[in-house]
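Engineer: Submitted below is the structure of interest, expressed as structure tokens.
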Amino acid sequence: MKIAIVGGPTAVGKTDIMIEVCEEIGAEIISMDSRQIYRYMDIGTAKPTSEQRRRVPHHMIDIIDPDEYYNAFMYRKDSLRAMEDVLRRGKIPVYVGGTGLYADALVRGIFEGVPADENIRKELRELERREPGILRKMLEEFDPEAATRIHPNDLKRTIRALEVYMKTGRRISELQKEAKGDDRFFIIVLTRERYELYERINKRVDKMIEMGLVDEVKRLLGMGYSKDLNSMKTIGYREVIDYLEGKYDFDKMVHLIKRNTRHFARRQIIWFKRYKEAVWYNLTFEDVGEVKEKLKKLIVENFSV
């Protein structure tokens with residue numbers, strides 16, 4: 001038995017295509033999106049509509065509040081529990097989403113995280129504040145392999161890697177290698193040519209604005225959720241917050257959301273290219289109807305193995 005993970009960049013059309021595919025084969029969708037896990041954040045995360053969720057049951061959406069902590073290890077545990085529930089009911093589970101880190105957690109495994117230590121994190125943040133760039137140098141010295149995989153500007157993951165090293169004396173890159181992979185999964189990636197994908201992203205952002213993204217952000221802030229939360233730094237939310245604070249005008253806000261989403265989509269494609277065994281479908285060149293038929297066949301046949 002092989003379970004499909006259908007990934008790809010934002011706005012490529014995963015949701016619409018997979019709703020139809022899963023409806024016809026009697027499958028249920030397990031969301032693989034690190035932002036759709038949050039309640040109250042609907043428009044900016046492009047959650048499936050209530051009508052779509054009626055057509056095909058979805059899991060791993062709206063599971064925590066915006067101020068709650070969540071990580072890839074927790075996602076793996078919770079989503080596998082959801083998968084087993086779907087299997088017990090005689091249905092086909094299909095993972096759908098664009099969060100590559102979650103795909104990694106499923107396929108390659110993830111070590112059981114070392115508990116967070118706020119004292120260490122506070123010390124590291126203060127060190128970085130006093131001497132910008134010092135944490136990057138420390139990471140390159142203590143864990144060169146992790147340094148090659150963590151972007152120089154990704155302070156959060158840099159601090160986490162150093163925290164693990166300081167608490168255990170072991171490199172996070174070594175611990176991650178000890179994690180057990182799971183051969184029950186196979187990966188399908190939906191993509192489009194850059195010009196078409198970027199056009200779709202621009203249109204999606206315009207639609208989000210029309211649907212009330214600004215009001216959604218205002219409502220979240222009104223509920224007491226801080227702009228400094230990880231959830232509120234999601235693309236679309238952070239730009240609206242800066243707009244509401246008067247840092248730039250409305251048109252600049254829209255421009256930045258589009259630009260940042262395009263950059264994010266490019267990073268997603270790069271991430272999924274790491275899966276050498278993945279099956280790719282380029283929706284710019286392939287007929288979408290034919291791709292849907294191929295997906296149905298591929299998902300069902302692999303599930304029946």
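Even glycines carry a Cβ here, placed using N, Cα and C.
What Swiss-Prot shows for this protein is this:
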{"type": "BINDING", "residues": "GLY8, PRO9, THR10, ALA11, VAL12, GLY13, LYS14, THR15", "note": "ATP binding site"}
{"type": "BINDING", "residues": "THR10, ALA11, VAL12, GLY13, LYS14, THR15", "note": "substrate binding site"}
{"type": "REGION", "residues": "33-36", "note": "region 'Interaction with substrate tRNA'"}
{"type": "SITE", "residues": "THR99", "note": "site 'Interaction with substrate tRNA'"}
{"type": "SITE", "residues": "ARG121", "note": "site 'Interaction with substrate tRNA'"}
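Describe the structural context of these features.
Structural biologist: All protein chains considered, the CB of VAL12 (ATP binding site) has 26 other CB atoms within 10 Å. In the three-state DSSP scheme, VAL12 (ATP binding site) is classed as coil.
Sequence-distant contacts (6 or more apart, same chain, Cβ under 8 Å) of LYS14 (ATP binding site) comprise VAL6, GLY7, GLY8, VAL96, GLY97, GLY98, LEU190.
As a summary of secondary structure, the region 'Interaction with substrate tRNA' (33-36) carries 0 helix, 0 strand, 4 coil according to DSSP.
DSSP classifies THR99 (site 'Interaction with substrate tRNA') as coil under the three-state reduction.
Annotation note: ARG121 (site 'Interaction with substrate tRNA') sits in a helical segment as assigned by DSSP.
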Engineer: Given the binding-site residues GLY8, GLY13, and counting only Cβ atoms in the protein chains shown, which has the most within 10 Å of its Cβ?
Structural biologist: GLY8
Engineer: Which are the residues of the chain, THR10, ALA11, VAL12, GLY13, LYS14, THR15 excluded, whose CB is within 8 A of where the CB atoms of the substrate site average out, their centroid?
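Structural biologist: Near the substrate site, beyond THR10, ALA11, VAL12, GLY13, LYS14, THR15, sit GLY8, PRO9, ASP16, ALA46, GLY98, LEU190, ARG200.
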Engineer: May I ask which residues of the same chain, at least 6 positions away in sequence, place their Cβ under 8 angstroms from the Cβ of THR99 (site 'Interaction with substrate tRNA')?
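Structural biologist: Residues satisfying the criterion: MET32, ASP33, SER34.
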Engineer: List the residues in the vicinity of the ATP site, defined as same-chain residues other than GLY8, PRO9, THR10, ALA11, VAL12, GLY13, LYS14, THR15 with C-beta within 8 angstroms of the site's C-beta centre.
Structural biologist: GLY98, LEU190, ARG200
